[in-house]
C-alpha cells in the first residue's frame with residue numbers, strides 16, 4: 001500500500017488560524033462562525049461527526065446556488081443557445097465533481113479542514129499564498145457583484161413605487177448611485193464590522209428561498225408568458241468556438257462551491273471519500289437542474305435580448321417578479337458581510353504572516369486593524385459597484401478565478417499527493433491520476449487566461 005507524505009514541514013507553511021476572527025473560510029452560510037474554542041464545542045457548528053449525508057447534500061447545494069443564477073440565461077445566449085449551454089454544463093460537471101472528490105482526498109491525507117490549509121499543506125508555501133490571494137480577490141469581486149445586484153433590483157422596485165415609466169429620470173433620491181450607497185451604509189457596513197457573524201443561518205434561509213423562488217418564477221413566466229414580452233433572436237448554434245468559452249465564467253462562478261466543500265466534508269458523520277463522492281454527485285445534479293431550468297427558460301423567454309441579470313428583463317410592474325427582487329436584495333444584504341468576513345480573514349492572515357507577528361501577540365491591535373480593513377474593503381467595493389454597469393462584467397473577471405478553485409488548485413493537489421507516494425514501481429492508476437491532475441491544471445489555466453483576457457480587453461475596455 002502506498003505511503004503518502006504530505007509536506008509536513010510546518011515551519012514552511014506557518015498557518016494563520018485566528019486573528020481575532022476565526023473563520024472557516026468561504027464555508028456554507030448555514031454554518032455559524034465562531035472563535036476556535038466555540039467552533040469545536042458549538043452544536044450548530046460544523047464539528048466532525050455531526051452532519052448527516054442528507055445534510056451535507058443540502059449544505060453543498062446551498063453553497064453552490066447563489067447570485068450567479070441571475071446570469072445563466074445570458075450565459076446560454078453567449079454560448080449559442082440551449083444545446084450549446086447544456087453540453088457545456090454537462091461536460092463541466094465531470095470536472096467539477098472530480099475536483100470536489102480530490103479535495104476531500106487531500107484533506108483526509110493532510111488532516112487539514114479548510115481549502116487554503118489543504119493547499120498550503122499539500123502544495124507548499126508559494127501555492128498556498130497564491131491560493132489565499134485568489135480567495136481574497138474572488139471574495140472582493142463577489143462583493144462588488146452583490147452591490148450591483150442590489151442596485152439592479154432597487155431600480156425596478158423604485159420605478160414601480162414612484163410610478164415612473166421605464167428609462168425616465170426621477171428625483172435625485174431615486175438615483176441608482178444614491179440608493180446603492182444609502183443601502184450599503186445603512187445595512188451592509190454595520191453588519192460587516194463585527195468580529196463574529198451570528199446571522200449566517202438567516203442568510204442561508206433567505207438564499208435558499210430566494211434562489212428557488214427566482215427559478216420558479218422564470219420557469220412559470222416561460223410557460224405562461226405575459227403578452228407584452230416578446231423574445232429576441234433565439235440562437236441555435238454558437239457564433240464561434242470562442243463564444244462557447246465566453247460562457248465559462250458564469251458556469252464556473254455558479255458551480256464554485258469547492259472552497260466551501262472542505263469544511264463540509266470534515267463535518268460529516270462518515271468523512272469518507274466514497275461517501276463524499278455520492279454527496280457531491282447528488283448536490284451537483286440538483287444544482288444543475290436549478291441552473292438549467294433558469295438558464296433554458298430565461299433564454300427562451302427573451303432570446304438574445306436577455307439582460308445579464310435576467311430579472312431586469314421582466315417588467316417593473318410584475319408583482320411576482322417584484323417579490324423575487326425583494327428576496328434577492330435581502331439575501332445579498334446578508335451575504336455580503338459573510339463574503340467580506342472571509343476575505344478579511346485571509347487578508348489578515350497574509351498581513352500577519354508577512355509581518356512575522358504571531359497572532360497571539362497581536363490581539364491588542366486587532367480591533368483597530370479590523371475596522372480599517374473593513375472600511376477600505378467596503379469603500380472600494382462600493383466605488384467600483386457604482387461605476388460598473390452590470391454583473392456580467394464582474395462575473396466575467398471573477399469567473400476565471402472560480403476556474404482556478406475548480407480546476408487548478410485541485411489538480412495541483414492531486415499531482416503533489418501522488419508524487420508524495422513512496423512506491424518504487426508506479427501502477428497504471430498512479431499515472432492515470434497524475435495525468436488527470438495535469439489535465440485539470442492545464443484546462444483551468446486555459447479557462448482562467450482566456451476568460452480573464454477577454455474580460456479585460458472586450459468587456460472592461462469596451
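Even glycines carry a Cβ here, placed using N, Cα and C.
Taking 28, 42 one by one, Swiss-Prot attaches phosphoserine to 28. Swiss-Prot assigns the feature transmembrane segment to one of the listed ranges (261-281, 282-302), namely 282-302. Taking pairs at least six residues apart, the transmembrane segment (82-102) and the transmembrane segment (319-339) share fewer than three Cβ pairs below 8 Å and do not count as touching. The stretches the transmembrane segment (319-339) and the transmembrane segment (205-225) meet in space: the count of Cβ pairs below 8 angstroms, excluding pairs fewer than 6 apart in sequence, reaches at least three. Using a cut-off of 8 Å between Cβ atoms, the transmembrane segment (178-198) and the transmembrane segment (371-391) share at least three residue pairs, counting only pairs 6 or more apart in sequence.
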